[in-house]
Amino acid sequence: MLNHFPGHCSNNIFCFPPIESETKSGKKASWIICVQVVQHNTIIPITDEMFSTDVKDAVAEIFTKFFVEEGTVRISKMTRITEGKNLGKKNATTVVHQAFKDALSKYNRHARQKRGAHTNRGMIPPMLVKYFNIIPKTFFEEETDPIVQRKRNGVRAVACQQGDGSILLYSRTEKEFLGLDNIKKELKQLYLFIDVRVYLDGELYLHRKPLQWIAGQANAKTDSSELHFYVFDCFWSDQLQMPSNKRQQLLTNIFKQKEDLTFIHQVENFSVKNEDEALRLKAQFIKEGYEGAIVRNVNGPYEPGYNNYHSAHLAKLKPLLDAEFILVDYTQGKKGKDLGAILWVCELPNKKRFVVTPKHLTYADRYALFQKLTPALFKKHLYGKELTVEYAELSPKTGIPLQARAVGFREPINVLEII
């Protein structure tokens, strides 16, 4: 859960990123909000388990630090959180979880107030998809049905209004789009009728145009004013726990405020009762020339993609691609259960390399293979072989297959027999 929040831990204290501004005298000022957990007058390490289970005799404390360059640090009084909220309910929070939610709310509120001077100008990274071609059963276990939307193969974009009334349109990686005046002009008109604090999350797209062309237009300072902005979600920085179905209702209300827009559109929602209905819609969308479908858990909160976090409340459905690539090396995973498990390294014709996860090997087999496969055995039996790889898409920047999984070798090879 810690990776849901921006910032880092140091000496058992979690600090959100500093919000910077400038004093009247031109000096740099920094405001930081922090959370710590105290048990028997001792600050203890913050763990992910604390977000689901309370720690006996522990309380959470929120405090802020403010300092001006060449000045002293001022520390606020502690705000103590001694119990969670909504106890006994499905959305109950622990002491620590509630403290982080309160701190994040204050952080976002302060960031918005200082956005003119803040380094990222109030940018919040958009929510990212965790599941690919899998719809979790939990999506259908709630009282309401999940919704399905068309998946466009465009460029992710988030829009918000700045303190001076200007429109900020930025990418998944928090890079500002400098052009797109046709879209910004309509957004400015729309924000005259809606809550100025709302963020609009969507995709820059023009139907049947290739992604490379769309990306080129999106990143140009002077574009051809052909791209459209398809909005599929909205959120408020201080209400990220708002469920998806409520956000969709509010998004519909937003678009009712001004219905004469040309370049901004609300994405259509389809309610489904089971996975088969979702798959039928995916097939329909593909026939229409779209990339596939997005499935949303209507009870899910908006979870920003801080530290590349991917939300378990979103699923993407699209056709798998496959191709043969030359195997040139092997390595292991870097963290968690993938550490010590073999990964294949393939090479593109342009000599760029990418890592591929074996699809049909168990973790036990992958551990054994990495331990016992020597460079000499690899060179003798596997180097230069063609490996069939399934992947979601090619990276528009590098051409490397994304979410690559090795199906098998073109010629029959049992890699476990090699060792």
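Each residue, glycine too, has its Cβ placed from N, Cα and C.
Keep in mind the model is a prediction, meaning the values are calculated, not measured.
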Residue from F232, F235, F263, F354 that Swiss-Prot also lists as binding ATP with K151, E203, I294, K316: F232
For ATP: widest Cα to Cα gap among K151, E203, F232, I294, K316 in Å: 15
Residues near Q403 (site 'Important for the catalytic efficiency') in space but at least six apart in sequence (CB under 8 A): F132, Y391, A392
Candidate with the highest Cβ count within 10 Å, taken from the recorded positions L211, I294, L402: I294
Within 10 angstroms of I294 (ATP binding site), Cα basis - recorded positions out of K151, N153, L211, L402: K151
Within 10 angstroms of E203 (ATP binding site), Cα basis - recorded positions out of N153, L211, E291, L402: N153
